[in-house]
Structures are given as structure tokens and as C-alpha cells.
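Trainee: My questions all concern the structure below.
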Amino acid sequence: MGSYFRPFIGKLRANSTFQSIQRKTVFRIMWWEGFNVKVAVIGTGYVGLVTGTCLAYSGHSVVCVDSSAEKIAILSSGGLPLWEQGLDELLNETIKLGRICFTTDMKSAVQSSDVLIVCVGTPWGPGGEADLDPLWSVVRQVALYCKQGPFLIIKSTVPVGTSDEIEQWLHTVQTKPSIEVIHNPEFLRQGAAVYDFFHPDRIVAGCRTIQARSVITELYKDIAAHVYFCDRRSSELIKYASNAFLAMKISFINMMADFSEHTGARIDVVAAGMGMDRRIGKSFLQAGIGYGGSCFPKDLQALLSMGHKWNCSLPLLESTVSINAQRPQHLVDKLLHALGTLKAKRIALLGLTFKPMTDDLREATSLAVSRLCLQHGADLHAYDPFVRDYPIAEVVLHRDMYEAIDSADAIVILTEWEQLHDLDWQLVSQKLRTRVVIDGRNMFDWDDMQHVADTCHITYISMGRPVIYASTAMKSPDPV
């Protein structure tokens with residue numbers, strides 16, 4: 001028996017409200033040194049698959065549950081219905097070790113597990129609020145099938161107060177030992193989610209009992225990170241506030257990029273100087289065409305919706321969203337200014353996903369840029385190393401980026417894929433009909449592009465930095 005638990009054993013036994021059967025499974029976890037938790041992960045999207053696979057790799061016994069039989073069949077054979085760096089190798093290793101399995105049988109998964117981790121999505125509702133229908137569907141099934149009192153961990157991003165509401169409802173409908181709800185938000189970056197799971201800056205857990213803390217400690221025992229315990233409502237807001245703050249940094253630097261264009265400053269130099277201040281930091285100060293993906297846009301809208309619900313205005317977040325919404329038009333305006341018109345102009349879009357190292361197109365800026373260009377009559381061709389199907393049919397996809405560039409009037413860079421650093425500018429110059437490059441992500445060094453502009457006769461237009469023309473390349477003073 002671990003010495004950590006001895007001080008409160010007597011207190012628990014003396015507590016008249018304590019029900020031994022309620023915590024039978026959990027106390028096995030706490031008392032048995034080296035015991036690994038039986039975990040059911042409900043939902044096999046990015047968060048669920050990474051969480052389940054990494055917990056299995058840590059030694060726990062994991063069953064992943066999903067309502068999609070097709071997805072479960074793919075996973076059971078060692079395949080992946082999505083791409084995430086390093087996840088395929090980790091998944092196949094845990095399958096070989098017998099630590100992870102996949103099923104559509106919610107009942108068996110719930111009844112055979114000590115801890116249930118809910119990782120279902122909470123998409124946008126019609127008014128911008130989080131749609132909790134998928135979450136409540138899982139909660140109702142848990143209430144129906146559970147026989148003992150397992151811990152229900154909510155990893156889904158949920159409005160403040162949701163975990164409390166779920167636990168209250170479970171206590172109302174259950175005649176069996178009560179389930180305790182823990183809110184344990186994820187902070188995984190797509191494309192680096194496996195690394196982030198094992199190397200988090202912190203682990204946040206919103207819970208109300210010592211037993212719940214012990215379960216979280218056991219679950220993440222092999223991860224060297226501070227576990228920050230707090231109340232559930234604060235935990236729920238930590239997730240939203242973290243994403244909102246990062247989105248705010250992006251909108252702020254984009255606002256400064258626009259100001260730089262008016263004043264002749266260089267936003268990359270400005271951001272570098274700002275980032276040297278440890279209070280500010282270097283991350284999320286890359287000016288460009290705004291944020292996208294499955295988290296930031298959705299979570300900011302949900303937070304604004306919560307503000308309306310609680311009668312609390314959040315003007316800084318409203319500005320963050322407004323600035324971000326203007327970025328695609330700002331880029332298209334640059335394109336229009338460079339070409340005069342987009343009608344019948346062939347435009348090569350390089351990069352379509354919302355960020356590199358993922359295949360995710362949800363709320364990708366490329367979608368808005370594509371629609372705006374099509375409204376102006378552009379002929380769109382695109383290359384992205386991870387995209388095989390694009391939701392806008394008028395955009396012609398190419399497997400080779402030079403095919404996408406061939407005979408184009410302009411190149412527009414929308415995702416900073418590493419492959420683009422290897423562009424052969426001489427070949428690009430030969431293939432382009434009008435030698436215009438618009439770098440929506442500022443992925444190329446401005447000084448280096450002066451040489452490219454001179455030697456390849458390319459006009460280089462970026463965000464928040466002076467335009468470089470081949471005939472008038474102008475060296476900016478180097479920052480000291």
C-alpha cells in the first residue's frame with residue numbers, strides 16, 4: 001500500500017456517507033502499487049485516438065469506443081482514419097502488446113472499465129454555442145450501462161458548469177452507486193499531439209474529491225508534468241481561456257501587420273523584437289492570414305455565446321474574431337491589386353490545411369480564400385501534400401506542386417508546409433505566366449526573397465512587410 005494514501009484511510013472508513021461498493025474499483029487502483037487502470041475512451045477522433053493510444057503505451061488497458069463500425073474496423077486492423085504524426089507506429093505497437101482494442105459495444109466497454117474518458121466533439125450550434133448533444137448521448141448510455149461507480153472524465157471542451165450539471169443529473173437518475181465527474185481538458189496540438197501528450201506544460205483536472213485526484217495521478221503517473229487540481233468550472237474555463245488567449249495573440253500580430261503595411265515597418269522584425277520579452281514570448285506571433293482549425297474558431301464563438309448567456313460582454317474576444325474574419329479578404333485584396341482582376345486568371349494555391357503536419361481542413365483559411373477567388377472568376381488549382389479530397393469542387397487538386405503552378409498567374413501560399421522551402425525558384429519563374437507570389441504565411445525570409453526577386457524576376461508580396469519587386473528590390477536596414 002502506498003504511503004501517500006495512509007493518512008486518509010481512517011477518515012474514509014469513519015465517514016458514514018462512504019459506501020465501499022461505490023469505490024471498490026477505484027480503491028483497487030489506489031491501493032495496489034503498479035496496478036494499471038482499465039480505461040474506456042469514448043470517441044475516436046483526434047483527441048480520443050491520441051489519448052487512448054498514449055494511455056495504452058503508458059501501460060494501461062484501453063478500449064476505444066465509437067459508433068462508427070467502419071472506423072472501428074479500420075482501427076482494429078492497425079489502420080488510422082486520420083493522420084497524426086507518430087500515431088500509426090504507436091498504435092500498432094500497443095495493438096501488438098495487447099493493451100488496446102476497439103469496439104462499437106458501449107455496454108461492454110462501460111461495464112469492464114474503471115475509468116471512462118469522453119472525447120466526443122462539441123461542434124458549433126446554430127447560435128455559435130457548443131452543441132452538447134453528442135456528449136449527453138454518451139452520458140445517458142453511461143447511466144444506463146454502468147454497474148459500479150466509475151469515474152467519468154470529460155475531455156471534451158464544454159461550457160462552464162457542464163460537468164456539474166452532468167454529475168447532478170447522474171445522481172438524480174441512478175439508483176446504483178454514483179459516478180463522479182472529472183473535467184480533464186486536453187491541450188494537444190494537431191500534428192504534434194503524441195509529443196504533447198507525453199510532454200505537457202501542465203495537466204489540468206477539475207474534480208472535488210481526494211479519490212478523483214488519486215485516479216488522475218494514477219492515470220498520468222508516467223508523465224513528468226505538474227498536475228494542477230482545481231474546481232470543475234475553473235477547469236472548463238481554463239480550456240476556453242487558453243485557446244482564446246492564443247487566438248488573441250494571432251489577431252493582435254495580424255493587426256500590427258496591417259499597421260506595418262501603412263507605416264513601412266516589417267512585422268517579422270517587430271515580432272522578433274517583441275518575442276525577446278519573456279513576458280510576451282515568441283509563440284503565436286507569426287503574422288499571416290489568421291487562425292483556423294477545429295478549436296480556435298469554435299471555442300471563441302462558444303465563449304462569446306457563454307458571455308451572452310451570463311450577461312457578460314467580452315469585447316476583446318469580439319475584436320479577435322472580427323480581425324480574424326477579415327484576413328482572407330485582405331489577402332485577396334493583395335491578389336486583386338497585383339493582377340488587376342481575377343477573372344479567368346489561373347491561381348495556384350499552395351497548402352490547404354489549416355496548419356502544416358495535419359490533414360484537417362476544418363475552418364481552414366483556404367476555404368474562405370478559395371470562395372472569394374471563385375466569386376471573382378478565378379481558375380483555381382491547388383497542391384497540398386496531405387489533401388486528397390477538397391470540399392470545393394471548383395478547385396482542381398494536383399499531386400505535384402509544379403503541376404499546380406504551371407501557367408499560373410500567381411502563387412498564393414496558404415499553409416507553411418516544409419516542402420515549400422524546397423521550391424526551385426528558377427523553375428517556378430519559368431512556369432508562371434505572371435510572376436507574382438503572395439506569401440500568406442510569411443514563410444520565406446524577406447531579405448532572401450530580395451535575391452529571388454532579382455534573379456527570377458518575381459514580385460514577392462507578404463503580410464505586414466514591404467512588397468519586393470524585381471526591378472526595385474529595396475534592402476531594409478538590419479535590426480540591431
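Each Cβ is built from the backbone N, Cα and C atoms, and glycine gets one as well.
TrEMBL feature annotations, pasted as is:
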BINDING   D66, K71, T122, T157, K298, R362  NAD(+) binding site
BINDING   K239, F284, L285, Q286, A287, G288, G292, K355  substrate binding site
ACT_SITE  C295  active site, nucleophile
DOMAIN    348-446  domain 'UDP-glucose/GDP-mannose dehydrogenase C-terminal'
Trainee: Which value does the mean pLDDT take for the domain 'UDP-glucose/GDP-mannose dehydrogenase C-terminal' (348-446) in this predicted structure?
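Mentor: For the domain 'UDP-glucose/GDP-mannose dehydrogenase C-terminal' (348-446), the model's average pLDDT rounds to 97.
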Trainee: Write down the Cα-Cα distance for G292 (substrate binding site) and T122 (NAD(+) binding site), rounded and given in Å.
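Mentor: Their Cα atoms are separated by 16 Å.
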Trainee: Across the domain 'UDP-glucose/GDP-mannose dehydrogenase C-terminal' (348-446), what are the DSSP residue counts per state (helix, strand, coil)?
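Mentor: Here the numbers are 29 helix, 19 strand, 51 coil.
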Trainee: For K71 (NAD(+) binding site), name the DSSP secondary structure in the helix/strand/coil scheme.
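Mentor: It is helical.
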Trainee: Restricting the comparison to the binding-site residues T157, L285, G288, which residue's C-alpha is spatially nearest the C-alpha of the residue listed as 'active site, nucleophile'?
Mentor: T157
Trainee: Which of the three DSSP-derived classes (helix, strand, coil) applies to Q286 (substrate binding site)?
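Mentor: DSSP call for Q286 (substrate binding site): coil, neither helix nor strand.
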Trainee: Within 10 Å of the Cβ of T122 (NAD(+) binding site), how many other Cβ atoms can be counted across all chains shown?
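Mentor: Step by step: centre on the Cβ of T122 (NAD(+) binding site), count other Cβ atoms within 10 Å, giving 21.
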Trainee: What is the number of other Cβ atoms found within 10 Å of the Cβ of K355 (substrate binding site)?
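Mentor: Around K355 (substrate binding site), other Cβ atoms within 10 Å: 19.
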